[in-house]
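Copied over from TrEMBL, here are the features:
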| type | residues | note |
| --- | --- | --- |
| BINDING | H810, H814, E833 | Zn(2+) binding site |
| DOMAIN | 495-693 | domain 'Aminopeptidase N-like N-terminal' |
| DOMAIN | 728-962 | domain 'Peptidase M1 membrane alanine aminopeptidase' |
| DOMAIN | 1417-1531 | domain 'Aminopeptidase N-like N-terminal' |
| SITE | Y896 | site 'Transition state stabilizer' |
Amino acid sequence: MDSGFCFIWSSLTVNWRLRGSDLTHVRRAEANDLFKALEEQYKEDFPNPELSDEELQDVFESWTLQMGYPVITVTRDYALGTVNVNQERFLLTNSSSTDVHDYKWWVPLTFTTKTEKDFTDTATKEWLKRTEENKQLTTLTPVTSDWVLFNIQQTGFYRVNYDTTNWKLLISQLNSDQYEVIPPVNRAQLLDDAFNLARAGLLDYSILFSLTDYLARETDYIPWYAAFNGFSFLNTRLNKAPDSEYSVFKNYVLSLLEKVYTTLGFEEKTTDGHVDRLNRNLILTWACRLGHADCIQKATQHFNAFVSDQNANKVAPDLQSVVYCNGLGNSDGAGFDVLWEKAQSTDVSTEQVLILGILGCTAHEDSAHKYINQSYSEETPIRQQDISLVLSSVTSYGNVDFLTSYIQKHYQDRSPSQVRSLISSAANLLRSEDQFSKLEDFVQSNKVYLDVTDEQATSLLSSYHSNKAWATTTGSTILTQMKQQIYRLPTTISPVNYVIRLTPHLEEDRFNFDGEVTITINVAEYTNQIVLHASDMVVDTAATQVTHSDGTVQTISSHETNELRETYTITLVDSLVVGQQYNVYIKFLGNLRDDMYGFYRSYYTVGGADSSERLYGLSPVRWLASTQFESTYARRAFPCFDEPALKATFQINIGRSSTYTSVSNMKIERTDTSDPNLVWDIYQTTPVMSTYLLAFLVSDFEKTENDAQDTSVWHRADAASQASYSIGVSRPLIDAMVTFTGVTFELEKMDQAAIPDFSAGAMENWGLVTYRYSLILVIRTFSDRERLILFDETVSTSADKQGIATTIAHEFAHQWFGNLVSPRWWSYAWLNEGFATYFEWFITAEVEKDWRIEDQFVIKEVQVALAADCLESSHPMTNLVNSPADISSIFDSISYAKAGSVIRMMSHFLSTSIFKAGLNTYLNTHHHNTAEASDLFTALHTTFLTVNPSSEISVIDVMNTWTTQMGYPVITVNRNYDTGRTAKVKQERFLLTTSADSSDDHDYKWWIPLTFTTNASKDFTTTQTQIWLKASENEIDLTDIAANDDWVIFNKQQIGFYRVNYDDTNWNLIISHLNSDQFTDIHVLNRAQLLDDSLSLARAGILDYTTALNITKYLSREDDYIPWYSAFTAFSFLDARLIGVEEEYQLFKKIASPSNVTIPADVSSVVYCTALREGGEEEWTFLKAQYDSSNVGTEQVLLLTALGCSTGTQIITNYLDLSISAESGIRKQDASRVFSAVYANPSGVDIAFQFLTENYQKISEFYGGLGTIGSILKGIAARISTQEQLIKLQSFVAENEAALGDAVTASKQAIETAQANLDWVASNRAALVTWLREQSPATPEVTTLFTPTTTQGATCITISTTLIVLASLSEMLRVSTAIILTCLSCTLSSAHLNSPSSSSNDTTASTQYRLPGDVIPRSYVIKLIPKLYGDFVFNGTVEMTTEVVENTETITFHIDDLEIDEDSVVVRNLAADITVDVTNQTFDEVHNFYTLTLKQELEKGNEYNIFINYNGHHRDDMRGFYRSSYVNSTGDTV
Ligand SMILES: [Zn+2]
């Protein structure tokens, strides 16, 4: 008998109070007989019946003769107090059915309200007739704030939906301590209805999840049973989503389970009732399934005890399924065997069924296979009726990989139809592409055995695709709403003002702070709960008070803190009144953390290691307390509504000891010294602002001010001299922002502070910008956002100085973009960071006019963004985020560099004047408020229309294509040289690599502002859009472009955020112009663009490398920093790919005593690194000591980076160890730099990775999270150059997927990058090396790389960068010898080892002084260790790669004034990889010939390597590698 059918009858009978009716009659009698009986009883009970006989007949028929049942939708008019109900058939999925039947029912309505709360009267209150689609109820007029609930005790066979407000009223009741006023059956009904309505698309998942939230209080079996029906549906589908997403669901359900789990406990109790045991089984089953740690641990313990002694350690019957399944999941084959034995030996059939249903849980592959075999075995002890349990337990609880491996191993023992059925079961369980491809491979290669056509083969596996499709569409929407539900605050309440009192305790044994906050709130929607953020603090709940603005104290019924959501919830007995204000007072104790987030502690030391203070036993450590609140850390300093849109005013009060000072966003209004122990600084109230922009600093810092005393820098006392540059540049930068935006800076002062420990580079807190203290760093990588505020002329580089100015400009730009107008939510973080990035350069350019700042923007932002945004795993600028981890992940190069570049493009297509005026409108419209992207575009569009009233361009449409889609286009220009002067321009998305299984079918198109110029016009300065390539167009035709022999170049000054490709002819026209003396006709930014575009297009496989590399040839003429920088970016990619992990560097060792030498700051990084690469432990220890004793932050960072250059495995491993130890003296903020320094060193890649895999738990503890692991993995992956390394990385990520948590996405991107790089090597290396060989000169050259320089500034940057470029190039080419001499006084000379000439045509009869010419050199690798004291003897090694032109038994080359170590000479045949013995070595002093005689003949065409170690003299005759000297200012000869 169908249980649903039964339910209708019981429902009707109960409604009509015919409890005496014998339902078994239904089976025996005709339906009509029953109707008659019911009808008579009805008339008896109701002498004045509401329904006529015919109607009564129709009631029966409406339920028995139609399929399905209705959903009742309750809609209330809250103003009038009326209630409407409407009925329609409930269908889970709305297929386009042809069923035109008009489904309507006679619906017996029952209901109650909050005031009434009558859940016992189940009599029909009103009928919704079959003739009525909807009606207004006559007997129900609830008061506005009451909820109404229909279908008392779920006696009616229908579902109920409500309007959103009524749902919220019900939810609010359930989320209070009085949730039990709704009885368990109706709580279960609300859950069951909501889950199914959501699944049918009739209810928003966000409402469902705010309802399920109440389960955190629920302990009753009935509602939990209903809840797990719903969650179970979601679980089997959502577990097909990526782990990082699925974990949102798991963690959410686990958080709800916590109370009921604790209440029930794992162990059975003597007081348990029947339902308690049912409930425990249900709750434990789910807790363990979702990975509840305590549950799994206890289950495993019980199981192991059971396995060791079954009789002594019996498992209680109701715990068996949980213990057995989870025990098997953590056990080897022995556990399985014990249970399998038990299943066969037990004579209790229920026990046997239970075990058979659970054996599939095994984590032991052979056991799983053994078990599956049982279901096919003739001799199996399992009874036929139970045989299906085998496969169902495997497919319900088992590991799908075991099922796949079973199929692969045993398919020939099974019939084709059995295998097909196993395959489709497995397909439904597959979670990853990897698992899928294994199964698919099997199917594809066994189609004959399986007896399937291609089509059938595909359909066997089709459930994998449909599951995946569901997970990525519906599933991802559900997870998004779940996240939103979990992480966003309710919209019921908004803050108006905060009064905050904080007293930090910096004594070393306390490190906490006392706090009090009074928040004035506005009530926007009906609620009796106040939910706000609080994290890492203890709230003194007894002190919490909620007071109406008229002084009435509200009674609090409960307090709750939620760690997952970082919330504190106050529930009140009575509701708050909408539109009224209340004050919430909270007292708390917070922690001064050491992880640089929230209100945290930091320190610095006074003096060096041997300072007098240390000698006299005084503590050199100075503690301070500072803040970093962006994005979600204000909640660690005080309870607050910690979302950017929940703006308020803040009045801050800081209690401190008299030896400290405090500083905050506003000026101090007064200082209260009446308390003898504590000085109170009372600050002015802030403007309306977001929580994340608050800041305060309690320290013994001093300040340096400007003359107007409205701008200052706070720093430790001994750094005063270093603040002068930043203080000088600050006010002019503010003024430049005011001029540009036309909006004043409204605070009276601007403080800045240099903080010793700082997580970000800098933070734009309104009126108190904080910076990382580091004074310097060099070897600036492109992604390095390390910034600084203090500058020292003697140790800081030019790049550092520029870094200071641009960092300050960036943070000041935020005072308008971010602080005055804030993003409505973090999804619009780019509105902050994009503008700050844009102004960082364009405002600095107003102040430092000769730095070519606008040009640098192109190479350091535009090209960086283009490189970041060309992966499939990119994301749009406007990107939905929810959890704190999501939010921090959006602060990436898309929000900074891409947004800044897109804004620059926008400023050009609008024109500067429209751009400025539009921004002014935007700021004035939204000041002290929030905005989203459309607000910005609307302001700009309105301004645009005032100037271009008839324009068909919509700024909103144009910009949406750039901000809501990820990626960017490559435009391809195909000129027609036959018809002449015409061209086709098409757009498509640019991707570096395209994966075969990409599921992204979005049609990427952009509104592209095209600009171009030609050889004839050479106009690179007009940057207004010449023509739009619209988002509706794939391709357009351009006419009258250029004459056939004129080149065309698109995207002037690389203002458009896109790449450009051309036909071969046009590329060649450009190449030949670049390789002429007139190459500077092409704008310097377009030279950089041509390099960047062509090499990137080649890397993506769109352009051949020959064309791209032919462009680079022109670099031999180029002396400008900008194109070189672009070239270097591309070369470093090639370099890393080509060099692999071989260590062949031509570097120079610097030793001797550095203490009396000054190395110019701009080249010191090169010198230090080189010294360590060539040196050993002694050099490393020396530099580490330099680091320990240095108190100049910039130099420290530089040394830290250089320390990673060592090639000693043990040295590097020790160094990494130090970096994650608290006592190392390495600052936490700098620790990750140790990693990047190590893996940037080719010999360090493997060591860094090995260290990471062995210590990742320790590392994540040290950093307090996994974010750093992700970025280290990415860094390592980018340098992976062998298949072995990739495999190691893949298996590490696979094995630790669960533990990697938030870092999983980054890890997978890392694998993607590494794979792409290896693929690249496989397909391009050979071609590239060939090209390089073709280009290389027959005669190696000795190149002078840099010349002595004493000037600081732009030139010096150029020189040192070029140095790196060339060093890198030479390593890559390995065909021209570059000798870098970085001697102590930073002068340069060329080596004595001049190359022999091989250009002679006379290769047989050698003239007196000419070499025989039968062996010619191809490349040299030379290492030199100069010694500039004592006997001036230098040591050298040379490795010559030579080619044999004629067969010979000797090799002759030049030396002069060198002593060759005969034992060191090695000659190797490169092709055969064997050593050729040297039988004799002679030196001809007259001709300077050194000749090696070999045991066997060298063959023509082969390459040989000759390795020689030797000593030489630094001569004093200015010839060769000679010595020189100068007298320094103290009169000493150096
Ligand atoms: Zn910023």
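The backbone N, Cα and C atoms fix where each Cβ goes, and this holds for glycine too.
Positions of the features from TrEMBL, shown on the structure.
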residue : record                             : DSSP class
H810    : Zn(2+) binding site                : helix
E833    : Zn(2+) binding site                : helix
Y896    : site 'Transition state stabilizer' : helix
Enumerate the residues of the same chain, H810, H814, E833 excluded, that satisfy the criterion Cβ within 8 A of the mean position of the Cβ atoms of the recorded Zn(2+) site; list them in sequence order.
E764, E811, A813, F817, G818, N832, F835, A836, T837, F839, E840, Y896
What is the interatomic distance between the Cα atoms of E833 (Zn(2+) binding site) and Y896 (site 'Transition state stabilizer'), given in whole Å?
5
Same-chain residues six or more away whose CB lies under 8 A from the CB of H814 (Zn(2+) binding site)?
E764, N832, F835, A836
Take the C-alpha atoms of H810 (Zn(2+) binding site) and Y896 (site 'Transition state stabilizer') and report the distance between them in angstrom, rounded.
11
Would you count the other CB atoms within 10 A of the CB of H810 (Zn(2+) binding site), including those on all shown protein chains?
28
Among E833, Y896 [recorded positions], residue with fewest other Cβ within 10 Å
Y896
If you average pLDDT over the domain 'Aminopeptidase N-like N-terminal' (495-693), what do you get?
90
